[in-house]
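Notes follow the structure.
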Amino acid sequence: MGSTSGENNGTGENGTTGVGRRALIKRSAALGLVSVPAMGFLSACASGGGDDDSGQNEGKTSESNPFGVKKGTKLDVVIFKGGYGDAYAKAWEADFEKKHGVTSVHTGTQEITGKLQPRFNAGNPPDIVDDSGAQQIPIDVLHKNGQLLDLAKVLDAPSVDDPSKKVRDTLIPGTIDAGMQEGKVVALNYIYTVWGLWYSGKLFKDKGWEAPKTWDDFLAVCKDAKAQGIGGLAHQGKFPYYINVAIMDLIAKKGGLDAMKAIDNLDPKAFVGSDAATEAIEAIYEVVEKGYLMPGTNGLTHTESQTRWNQYKAAFITSGSWLENEQLKTTPDDFDMKFLPMPVLADSALPFEAIRAGSGEPFIIPSKAKNLPAAQEFMRMMLSKDWATMFAKEANSLTILKDGVDPNVQLRPGTQSTVEASRAAGDNTFRFLYTEWYSEMGTAIENASNELMAKRIQPKEWLKRAQAAVDKQAKDPASKKNRRD
Amino acid sequence: MRKGQHRFVAGFLFLPVALYLIFVIWPYIQTFGYSLTDWKGQSQSFDFVGLDNYTALFEDDVFMGAIWHNILFLVFIPVITILLALFFAFMLNAGGRGRSGGVSGVAGSKYYRVVYFFPQVLSLAILAVLFGAVYRSDGGGMLNGVLIGIGLVDSQNPVEWLNEPNVVLWALMAVVVWHGVGFYLVLFSAAMQSIPRDIYEAALIDGASRTQSFFRITLPLLWDSVQTAWVYLGIAAMDMFILVSTMTAGDYGGGPDHHSEVMSTVMMRNFLLYGRSGYACAMGVVMLVLTLIVSVVMLRATRRERIEF
């Protein structure tokens with residue numbers, strides 16, 4: 001595809017000039033060598049022209065074909081092949097071909113940026129992309145470059161299951177907000193995710209612990225665990241994203257939705273001067289100070305720490321609901337994985353049952369996609385019960401489609417516990433958006449959290465650093481366009 | 001005979017030079033062009049901003065810190081690697097006790113020569129995984145496991161090697177040195193073997209010790225190889241991207257809290273994650289200039305008169 005040509009050029013260059021430059025090399029070995037590491041990066045910079053040949057992929061529209069998909073055309077699908085695999089997408093594509101006669105060119109990869117950045121720059125992007133994983137192209141960056149299609153047309157199209165309803169009305173409320181940039185939905189976060197703590201039902205039963213609802217109870221379990229040589233809280237220290245889930249959940253629960261929006265809206269008192277933030281970060285620091293962290297957890301990767309937790313080396317771990325699928329291989333059969341909403345501090349604005357819930361795994365349609373009608377139809381079908389059930393079967397997770405899974409599908413214990421937790425939470429859900437809007441600010445807060453967990457800074461300093469990150473972001477004129485009420 | 005020779009030479013040179021211009025020089029020029037814009041990396045629309053990116057660079061503490069780390073690597077990696085490699089190479093080739101009056105390596109030198117080369121066979125990615133396990137921050141890590149085993153470290157409080165601001169750079173350096181010594185050992189060995197034995201034997205007869213023969217004979221005659229090694233290692237120290245980005249905390253590494261940041265990791269983060277690609281291109285240009293300066297300085301500083309033998 002587009003990206004491989006760059007690599008081919010690279011090897012061609014090395015192979016041919018090796019001989020021609022032989023004489024030169026002695027004198028300017030340095031000059032030639034410098035170029036080698038820079039090659040990959042630089043070839044990504046090389047620009048290319050764009051061409052526009054839309055129109056030939058448009059067919060006639062009808063009630064069952066609202067976007068006018070044309071038979072015999074091709075759809076270029078790129079799927080992030082991570083924790084959820086890509087078998088579900090292949091099942092979709094087969095079904096799509098059966099129903100619409102459109103063949104799909106399927107790419108399953110982890111290297112989203114490497115494969116797609118050159119194509120976006122050349123004006124030759126795929127038709128639909130699952131832009132996820134560690135190497136995703138940040139949505140805010142793509143949007144600022146004008147590369148994303150406004151998905152309003154798909155969301156306002158009639159639902160596949162019930163044509164009298166719009167697609168947007170068949171989804172779990174609030175789940176499309178995460179894909180919003182500057183007031184427009186440009187990414188469809190397809191998978192329904194809940195975030196919080198996780199524990200082993202078996203370990204808790206063996207030790208006689210109750211799942212804690214308050215922060216004091218949580219500390220009590222940690223204390224007892226430590227006394228028995230088990231770590232209290234584990235987190236994925238190499239990626240401070242995870243501990244920020246705990247910190248931010250505590251803030252949101254203590255201070256309510258206003259405390260959360262203050263952060264997303266870059267309030268000058270989001271952290272410094274916020275009681276909720278102060279109490280939350282002090283509570284987390286108490287865990288560090290009392291030695292309730294699993295030893296060494298600050299330096300472990302997500303797989304290392306999660307595996308340790310699977311081996312009963314820690315009582316709790318922070319994560320989102322992809323955890324169960326990610327740990328399938330290392331989880332013992334009788335582990336009985338359970339989700340736990342973040343325990344609450346005293347006098348919290350939100351109840352214990354409140355959870356951070358929302359949607360992850362953004363699917364995007366590039367605005368310069370060649371086959372827009374088919375891409376939009378593909379996305380509409382993703383939001384049908386048929387396809388949502390295919391997804392639940394192949395990838396073991398829920399989608400944002402309300403009651404989207406056939407009740408006959410048997411769920412694993414962890415996934416089942418998230419279904420129960422969302423039911424208990426009802427409307428008490430919240431979701432931070434700053435992570436989607438401001439990559440740079442998110443990284444700065446993560447760095448501060450990493451320092452706090454390693455006891456190198458105190459809560460006061462953490463608040464200052466987090467506030468500094470917020471203030472810095474607020475100075476960027478582009479940030480004025482993002483706002484939630 | 002002369003006729004047509006130039007055309008003949010030009011014919012051979014045309015293709016490689018053209019390829020070099022298109023795929024090496026032209027991207028450099030493009031990068032410089034992009035560094036004067038606010039390009040965001042995912043489309044071809046951007047505005048010209050003059051030298052703004054460069055002025056911003058010099059106020060960027062993270063990037064300045066990264067340059068400093070590269071300089072530390074630049075000072076320590078070549079020195080330590082070359083000294084160790086020279087020492088081992090000398091021991092393997094001329095360090096043995098003269099058994100029959102001749103000059104030979106220590107016992108088992110053939111075996112060592114092969115073993116020392118093993119690390120060089122590993123790719124950097126494998127190296128990162130391997131040393132990830134060595135430096136692992138809990139009792140499961142090799143270093144921590146051993147230290148806990150002999151009671152030097154408390155198992156409740158293991159050393160988080162790559163999460164300690166004062167340790168992380170040295171830990172990374174140790175990986176590079178471990179990886180590099182074998183290669184330079186072989187390079188120096190080969191050069192040493194081309195030194196005629198008679199010189200050593202003459203020195204021996206004159207009563208030279210091992211130290212004396214190393215400094216008076218081996219080192220001067222190896223100078224060309226040392227110089228090459230110096231430039232290679234200097235360039236490796238200016239890069240360090242793969243190890244830092246895979247082994248240390250954060251997106252594209254650099255953690256904890258930017259304490260192991262190098263220029264290339266800051267550049268990649270700005271280029272891909274933050275969408276500040278024009279700014280990242282400015283970093284790329286600064287990296288290029290610094291690397292060129294380093295190479296030229298190193299070649300100049302190590303220039304000496306050649307000894308023919």
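Placed from the backbone N, Cα and C atoms, the Cβ positions cover glycine too.
Look at TrEMBL and you will find B:7-29 (among others) tagged as transmembrane segment.
Residues or ranges marked as transmembrane segment by TrEMBL: B:67-93 (among others).
Annotated domain 'ABC transmembrane type-1' per TrEMBL: B:67-298, in sequence order.
The feature transmembrane segment is assigned by TrEMBL to B:114-135 (among others).
Taken from TrEMBL, the feature transmembrane segment applies to B:167-187 (among others). Outside the transmembrane segment (B:167-187) by six or more residues, the chain places 69, 72-73, 76-77, 80-82, 84-85, 88-89, 92, 113, 116-120, 122, 124, 127-128, 131, 135, 159, 161, 225, 228-229, 233, 236-237, 240, 243-244, 247-248, 256, 259-260 with a CB less than 8 A from a CB of the stretch.
Annotation source TrEMBL lists transmembrane segment at B:229-250 (among others).
Beyond the transmembrane segment (B:277-299), the same-chain residues lying 6 or more positions past its ends with a Cβ under 8 Å from any Cβ of the stretch are 28, 31-32, 34-41, 46, 49, 53-54, 56-57, 63, 67, 70, 74, 227, 230-231, 234-235, 238, 263-264, 266-268, 270-271. Taken from TrEMBL, the feature transmembrane segment applies to B:277-299 (among others).
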Positions whose Cβ lies under 8 angstroms from the transmembrane segment (B:67-93), at least six residues beyond its ends: 104-106, 109, 112-113, 116, 169, 173, 176-177, 180-181, 183-185, 187-189, 192-193, 214, 218-219, 222, 226, 229-230, 233-234, 236-238, 240, 260-263, 290, 294
